[in-house]
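Undergrad: So TrEMBL lists the following for this protein:
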TRANSMEM  B:32-49  transmembrane segment
TRANSMEM  B:61-80  transmembrane segment
TRANSMEM  B:110-133  transmembrane segment
TRANSMEM  B:181-200  transmembrane segment
TRANSMEM  B:230-250  transmembrane segment
TRANSMEM  B:262-278  transmembrane segment
TRANSMEM  B:285-305  transmembrane segment
TRANSMEM  B:311-331  transmembrane segment
Amino acid sequence: MSFRTAPARRAAAAVVAATALALTVAACGGTTKKSTDDAANSSGPKSSASANPSAATKKGLTVAYLPKQVNNPYFTISDTGGKKAVEALGEKYKEVGTSSGTDTAGQVSYVNTLTQQQVSAIAVSAQDPGALCTALNQARKNGVKVVTYDSDTNASCRDLFVSQASSEDLGRTEVQLMAKQIGNKGQIAILSAAQTATNQNTWIGFMKDELKKPEYKDIQLVKVAYGNDDAQTSFQQTQGLLQQYPNLKGIISPTTVGIKAAAQYLSGSRYKGKVQLTGLGTPNDMRAYVNNGTVQAFELWDPAKLGALAGYAAVALASGQITGASGQTFTAGDLGSFTVGQDSVVVLGKPTVFDKSNIGQFNF
Amino acid sequence: MTMTAEQPTPATAPEAPSTTGVLDRVLKVRELAIAVVLVVMLTATQLDNSAFLSQQGIKDLLLNATILVLVAVGQAVVVITRNVDLSVGSVLGISAFAAGDLLHGGGNPVLAVVVAVAVGAAFGVVNGLLVSLGQVPALVVTLGTLYIIRGLDSIWIGSRQITAADLPSGFTSFGHDGIGVVPYLALLTAVVLVAAAYYLRSYRSGRDMYALGSSPEAARLAGVPVRKRILAAYVTCGALAGLAGALYLARFGNVDSGTGNGYELTVVSAVVVGGVAFTGGSGSLYGAALGALLLTSINSVLPSIGVSSVWVQAIDGVLLLLAIAVDRVVALRVAGLLRKRAAQTRSAHHG
């Protein structure tokens with residue numbers, strides 16, 4: 001957002017605040033549809049109410065989780081973590097979502113349904129940064145707090161983004177892990193998801209930046225390949241990398257699907273143990289490959305904590321303890337205290353590294 | 001269409017040997033063309049990158065193709081009867097999980113494969129009965145079962161998944177080991193392919209499938225048990241999708257409720273590229289297998305020569321259209337040839 005538009009936005013925010021007030025009154029009158037229309041006529045919502053950090057946590061709120069994909073093991077873990085956190089605070093938890101990870105229209109209609117049901121807050125992992133915006137802003141105009149987790153929307157469409165780990169940490173630590181495994185020397189490649197995957201591309205950007213440091217001068221990044229988060233494609237891309245670069249020393253795969261496919265291929269090929277593999281994976285997926293020596297170490301955040309933090313943040317927003325402005329702090333149960341950063345982003349923390357010594361302690 | 005006259009119809013008995021000869025040659029050319037494209041492509045890649053056809057490289061090529069070849073062979077049988085089975089991706093997914101679930105609980109690997117095949121065959125029975133008894137277009141019926149089976153899959157599996165750690169190591173090593181450069185999975189696939197192709201070519205009931213696809217009405221009048229044959233085609237297709245599911249598990253070591261999603265389109269592409277006409281009654285299982293091998297090999301060739309994977313789909317599409325165009329031209333030529341021969345025969349008789 002350029003500074004030029006800032007005054008206009010602030011003015012708009014004031015209008016919205018007034019509208020929101022009017023809306024609450026109108027909603028009491030039961031004319032939800034009309035008030036929605038009124039709200040739609042004003043420009044973008046921006047929470048301008050001031051935060052009251054010492055406000056009591058409201059009880060009986062409903063926090064709805066809308067993951068990218070239901071029945072996806074990763075989101076089941078994160079949402080279960082969210083459920084525990086939300087219910088521990090005495091609120092109601094629910095989860096809805098599409099069974100496909102690319103059904104953006106489906107996600108939009110779930111947002112609309114949740115808005116109509118007047119849930120207190122939505123924790124959503126967006127399939128697309130822009131497509132959900134209209135629906136989410138509609139929800140916010142109707143008083144629903146919107147927290148994104150795992151995968152963000154544009155910053156103007158949500159109150160808060162709970163980030164799994166800062167992109168910078170993820171990108172840099174993956175390079176550090178790889179460098180350690182190959183002795184700071186040799187050719188490496190990256191096996192990513194889709195070429196358009198926002199998360200992966202940001203991480204890869206930081207990986208490239210980390211590789212510019214003098215201690216990594218003997219490491220060359222030769223190629224970024226895209227496995228489209230499909231087992232067979234990831235297999236073939238891995239094969240292609242190994243054929244194209246016979247001296248390849250290591251592969252970084254910043255996607256859980258890619259890393260397990262690459263690990264499965266390496267473990268059954270002559271490259272096992274000779275070509276190092278690291279990246280983002282889940283302990284359950286990777287257990288066999290760590291135990292059989294294909295993979296030394298990989299990393300990930302704890303998705304259960306991510307879901308929990310999203311839940312705490314949603315309740316804090318709905319209780320008025322925070323508004324999502326930079327610098328505000330809130331407590332997230334046993335996860336501790338978190339401060340809202342720039343662009344209304346809350347970061348969970350540094351990723352956890354899994355290797356032979358600790359992988360047995362994790363089950364997700 | 002080209003094989004319409006290849007059914008041994010007594011009416012044209014005197015001409016049969018020579019007609020069949022011409023047609024046989026045409027069809028062999030069709031398969032040969034795919035084989036030539038494949039060889040040229042692989043050779044060119046090898047020249048560009050000498051690691052491509054290394055021992056590991058050949059093994060990978062064969063392994064990459066096995067699963068698609070199996071499902072494509074099953075699909076080809078169904079397509080030859082002028083039907084289609086869109087549920088193969090879902091069937092593959094659910095049978096892979098059935099096998100994985102059994103192995104996870106400490107079951108016997110052989111039993112797990114049998115269970116996967118049985119699950120696939122059971123869904124084949126459902127598809128076959130719906131299509132043959134319901135007299136509903138196969139496209140619609142199997143689109144329905146595609147979603148139903150995927151739904152069952154999601155309800156049953158939920159967010160569970162089978163990972164490599166759940167499988168006995170013997171089973172996963174079966175997925176990548178082999179004799180020399182030939183993986184076990186490829187051997188198994190080759191045996192299935194040869195057996196199915198022999199059956200379709202040399203048995204009466206196999207020939208019935210072609211007759212059925214060429215003209216369902218004529219086949220019925222000629223006494224072909226239509227329902228039985230359609231059912232058999234779907235059961236074969238389902239069983240092979242089930243077997244492919246078990247092999248998927250062995251190869252990728254990972255199954256969840258999304259496994260095989262969208263696979264049906266890849267399978268149909270392989271079958272069509274392999275020269276099995278969608279209008280039924282024409283094509284061979286070897287062609288379908290070659291089509292599958294060609295499609296998976298392209299996906300191996302591109303990364304190996306450093307071409308971005310974004311090109312893969314476009315190239316697959318071009319191949320598909322090319323294959324259809326070639327089939328159409330061949331069909332027209334053969335039809336012309338047959339007309340000429342028929343005219344000659346007639347004038348010979350009159351004279």
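Every residue gets a Cβ built from N, Cα and C, even glycine.
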Undergrad: Do the transmembrane segment (B:181-200) and the transmembrane segment (B:110-133) come together with 3 or more C-beta pairs under 8 Å, pairs six or more apart in sequence?
TA: no
Undergrad: Applying the under-8 angstroms CB criterion, which one of B:61-80, B:230-250, B:262-278, B:285-305, B:311-331 scores highest with the transmembrane segment (B:110-133)?
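TA: Checked against B:61-80, B:230-250, B:262-278, B:285-305, B:311-331; highest Cβ contact count belongs to B:230-250.
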Undergrad: Where among B:32-49, B:61-80, B:262-278, B:285-305 do we find the most Cβ pairs under 8 Å to the transmembrane segment (B:230-250)?
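TA: Out of the listed stretches, B:61-80 contacts the transmembrane segment (B:230-250) most.
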Undergrad: Out of B:61-80, B:285-305, B:311-331, what stretch is closest in contact terms to the transmembrane segment (B:262-278), meaning most Cβ pairs under 8 angstroms?
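TA: The stretch with the most contacts is B:285-305.
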Undergrad: How about long-range neighbours of the transmembrane segment (B:311-331): same chain, 6 or more residues beyond its ends, C-beta under 8 Å?
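TA: Same-chain contacts beyond the flanks: 1-2, 26, 30, 33, 269, 272-275, 277, 291, 294-295, 298-299, 302.
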